[in-house]
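As annotated by TrEMBL, domain 'MAM' applies to 1-117. Annotated domain 'Ig-like' per TrEMBL: 119-210, in sequence order. Per TrEMBL, domain 'Fibronectin type-III' is recorded for 217-312, 315-413.
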Amino acid sequence: GSFMLVNTSGRFAGQKAHLLLPHLKENDTHCIDFHYYVSSKSGSSPGTLNIYVKVNDGPIGNPVWNTSMTATWNRAELAISTFWPNFYQVVFEVVTSGHPGYVAIDEVKVLGHPCTKTPHFLRLQSVEVNAGQFATFQCTANGGTDSGDRLWLQGIYVRDAPLKDIKVFNFRRFVALFSVVNATKRDAGNYRCMIRTEGGVGVSNYAELIVKEPPVPIAPPQLSSVGATYLWIQLNANSINGDGPIIQREVEYRTSSGSWYDIQPVDSTSYKIGHLDPDTEYEISVLLTRPGEGGTGSPGPALKTRTKCADPMRGPRKLEVVEIKSRQITVCWEPFGYNVTRCHRYNLTVHYRYQAGGQEQVREEVSWDTESSHPQHTITNLSPYTNVSIKLVLMNPEGRKESQELVVQTDEDVPSAVPLESIQGSTFEEKIFLQWREPVQTYGVITLYEV
């Protein structure tokens with residue numbers, strides 16, 4: 001048994017004395033038992049007695065037990081569950097307060113059996129979680145616990161965690177659950193289970209909290225080929241920020257304008273996104289998932305790309321005449337939109353043909369009235385009393401579609417004059433016989449000549 005006596009008289013506050021036990025390797029459950037005494041005549045505490053359990057010559061960490069006043073000699077137990085091949089060292093520390101008195105430790109014994117007043121912990125397992133999740137440590141102990149005991153999860157270089165729940169199976173076994181909430185990389189590190197009872201303290205081995213960052217691609221996906229209703233992409237997700245292994249890949253795509261979006265699971269490095277709208281801009285990004293709850297990272301950088309135009313669905317419908325005059329015709333048609341044009345860039349031309357001077361004339365004009373709810377177009381400079389064949393042609397960069405053809409006759413108009421040089425008169429005794437040529441432009445059926 002070791003012995004330590006500190007006389008605090010004449011010492012200023014904060015001075016320290018240490019008693020170090022030899023290194024211990026624990027193959028089976030055992031107990032360290034000691035007596036202690038902290039007292040002064042003045043009634044003010046002469047100092048604090050701290051006990052540390054240092055593992056594998058690592059950092060000393062926080063005290064596992066302390067006290068600053070006792071009236072008499074007391075006995076306490078240390079139930080230390082640091083299992084072979086790890087070794088540990090118990091350090092007794094006295095920190096003086098500046099008041100006179102005595103702090104003593106005596107009869108420190110390593111016993112080959114379990115502690116009687118303090119539970120022993122079973123081996124604590126390491127926990128791996130994804131960032132932002134709750135990390136739960138299960139501290140299982142042999143021995144009893146009551147409401148007066150204090151239980152906590154002690155971190156080394158990391159914050160302690162409070163008790164979340166306790167399940168008591170019987171007087172010889174209980175499980176305490178501790179949660180590190182919203183775990184971040186800063187919470188990663190070593191933790192151990194602690195119980196402080198009236199009779200001493202129980203300490204488990206250190207287990208590691210491993211916090212993994214969900215993976216996020218560094219680069220956007222790459223475009224392989226473009227169609228009107230599909231996009232082939234390479235996921236391009238080999239370089240990541242965060243941690244693997246990657247167990248699932250998904251493609252998220254959305255229209256640049258509007259709120260529509262979709263997510264598709266992908267099992268290869270390239271993927272065809274189908275059933276898209278033509279001539280529409282999409283933003284495509286990749287989501288990666290590692291094992292465990294909350295293992296899906298945020299979407300990687302987005303690829304912005306546009307689908308091609310598609311061939312128009314059909315030509316314009318219901319081509320009808322609004323008004324016929326002698327030299328112009330106005331036609332109208334059923335309004336149409338993107339679902340027919342399948343492209344935001346298109347034009348509509350009016351094609352017409354007619355006979356003039358023995359030759360067929362073919363003309364086309366662009367109609368600018370395509371956005372209207374009552375679209376129409378007027379063809380001017382026609383000849384009166386002439387058959388005109390009219391059709392509409394809808395064109396976008398990918399193709400063209402025509403309407404049915406409409407044949408319309410322009411109205412009659414005033415004929416031109418009878419050519420003067422063609423009038424010839426033959427005179428007789430009682431009559432003049434006249435004859436002449438037809439006007440150059442009749443513009444209709446001549447019903448009457450007046451002399």
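The backbone N, Cα and C atoms fix where each Cβ goes, glycine too.
Residue counts for the domain 'Fibronectin type-III' (315-413) under DSSP, helix first, then strand, then coil, are 4 helix, 50 strand, 45 coil. Mean model confidence of the domain 'Fibronectin type-III' (217-312) amounts to 95 (pLDDT, 0 to 100 scale). Secondary structure of the domain 'MAM' (1-117), assigned with DSSP and counted as helix (H, G, I), strand (E, B) and coil, comes to 0 helix, 62 strand, 55 coil. Secondary structure of the domain 'Ig-like' (119-210), assigned with DSSP and counted as helix (H, G, I), strand (E, B) and coil, comes to 3 helix, 56 strand, 33 coil.
Sorting the domain 'Fibronectin type-III' (217-312) by DSSP state (H, G, I as helix; E, B as strand; all else coil) yields 0 helix, 44 strand, 52 coil.
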